[in-house]
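Undergrad: One structure coming up, written as structure tokens, with questions to follow.
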Amino acid sequence: ECRYLFGGCSSTSDCCKHLSCRSDWKYCAWDGTFS
């Protein structure tokens, strides 16, 4: 199960599509993509 926006993460693979893991704050943030 993937993590949603602002969900805790250890790597981008933890996050849902279009989200990437912010290594400095350890949460999933939008990666700027739409497709």
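Glycine too: its Cβ is placed from the backbone N, Cα and C atoms.
It should be emphasised that the depicted structure is a prediction, and the values quoted were computed from it without experimental measurement.
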Undergrad: Name the cysteine that pairs with Cys2 in a disulphide bond per Swiss-Prot, restricting the answer to Cys9, Cys16.
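TA: Recorded partner, per Swiss-Prot: Cys16.
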Undergrad: Just counting, how many other CB atoms are there within 10 A of the CB of Cys2 (disulfide bond)?
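TA: The answer is 12.
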Undergrad: Report, in whole Å, the straight Cα-to-Cα distance of Cys28 (disulfide bond) from Cys9 (disulfide bond).
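TA: The separation of the Cα atoms works out to 6 Å.
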